[in-house]
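Features reported for this protein in TrEMBL:
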- 129, 130, 156, 264, 265, 266, 267, 321: pyridoxal 5'-phosphate binding site (BINDING)
- 159, 320: N(2)-acetyl-L-ornithine binding site (BINDING)
- 293: N6-(pyridoxal phosphate)lysine (MOD_RES)
- 1-20: region 'Disordered' (REGION)
Ligand SMILES: Cc1ncc(COP(=O)(O)O)c(C=O)c1O
């Protein structure tokens, strides 16, 4: 347990992997899908806050939160209580057919974070990020009567057919699975660290806008484009924050051509960036928002929020048997209580959103100081607890191999972490991370980097 004088540290009781971990991994390799990745030998047994203990009793500090999901950490008492209470009432009725107060009030709570004066939004609930994305593109096509969708290179939107078509991060998601959705075009993402289209960090946003406009001249009729879908901060592609002018310019472009603007907030949303939605760091409002991951502290629920003026699909045209499950909705309410600060978390000040902003800023400051010590840390970027650390070769090109070694060295020292992009480690811990726990994680990172 954490005390004032002795902050909790990872505790490695066996060499990794321990014998029980090894035995489960062998059975896992025999019986589970051949598509699953197993980057590190870790088999969780239980968790508490930002700590996860494996089946051999090894306790690790969690700096990835099950890919940016476990917003409130593991087994948060407030979330556990909400789930327990709901599961004793009912666990399923089917929201597609019958309204339930718990999902009605969840929708009311979610739209409060996005509605501007004079605007009304509505919510469709699903189970996963991909399902929210599918709903978004179906709605955009249905609403506009147009077919074409524009997405970005480096993006990740999920693994169902529509979502993998939109995804632009890795060809392995698509190889051998075609034919995919027709009429999808990818454009570069404005990455200020690696500006596309011969641009600079300052001009990369405008360069991407100009590129889209040039497609409208020679390649895609603009009046056939239903939607542009984009992560306001790109996750899987490398935890990239676009320049401040980009999203407002994209909004203006969509307005000019009657295109629906979809912001995929599945990874960066739900308080992770220090604001409820990552697009709120910019002066912009989308037409549709997709949410999942961090919404319910690990219980499966997703949401597609749309302006009422856009949500024009007819009764019965879309639904989901499990979508908006009441137990997951209870977890989402409890998560929102903590994110908004209605319920406090010890050591985290006002709200988890504010905590993400301040602890994240501290981590980024410290990592930037480390750049002087370790020149292979080419870029430190992000917002709140959505932080990317890019590894570079002396010539500035991405160094994926060094990133892999660094990531393993951190794991071996008790820090759970995950890569993304070509050469990036993503830092996406639970939003309850205290400054003291952040210091522990940074110390492990420094030791790991020094060992390379
Ligand atoms: C931005 C984004 N959209 C969509 C998805 C798909 O979510 P899921 O895996 O829940 O289908 C992900 C998952 O990583 C994501 O990061």
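Just so you know, glycine gets a Cβ as well, placed from its N, Cα and C.
Automatic prediction, not curation, is the source of TrEMBL annotations.
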Neighbour tally for residue 321 (pyridoxal 5'-phosphate binding site), based on other Cβ positions within 10 Å of its Cβ: 11
Site of maximum Cβ density within 10 Å, from binding-site residues 156, 159, 265, 320: 265
Those residues of the chain, 6+ apart, with a Cβ under 8 Å from that of residue 267 (pyridoxal 5'-phosphate binding site): 67, 68, 129, 156, 231, 233, 235, 236, 293, 386, 428
Binding-site residues near ligand 1 among 156, 264, 267, 321 (Cβ under 6 Å): 156, 264, 267
Which of 130, 266, all binding-site residues, has a Cβ with the fewest other Cβ atoms inside 10 Å: 130
Most Cβ neighbours inside 10 Å, all chains, among the recorded positions 129, 264, 293: 264
Collapsed DSSP category at residue 264 (pyridoxal 5'-phosphate binding site): strand
Cα-Cα distance maximum in Å, computed over every pair in 129, 130, 156, 264, 265, 266, 267, 321 that the record assigns to pyridoxal 5'-phosphate: 25
10 Å Cα neighbourhood of residue 159 (N(2)-acetyl-L-ornithine binding site): matching binding-site residues from 130, 266, 321: 130
Spatial separation of residue 320 (N(2)-acetyl-L-ornithine binding site) from residue 130 (pyridoxal 5'-phosphate binding site) - C-alpha basis, Å: 13
C-alpha spacing of residue 320 (N(2)-acetyl-L-ornithine binding site) relative to residue 264 (pyridoxal 5'-phosphate binding site), in angstrom: 20
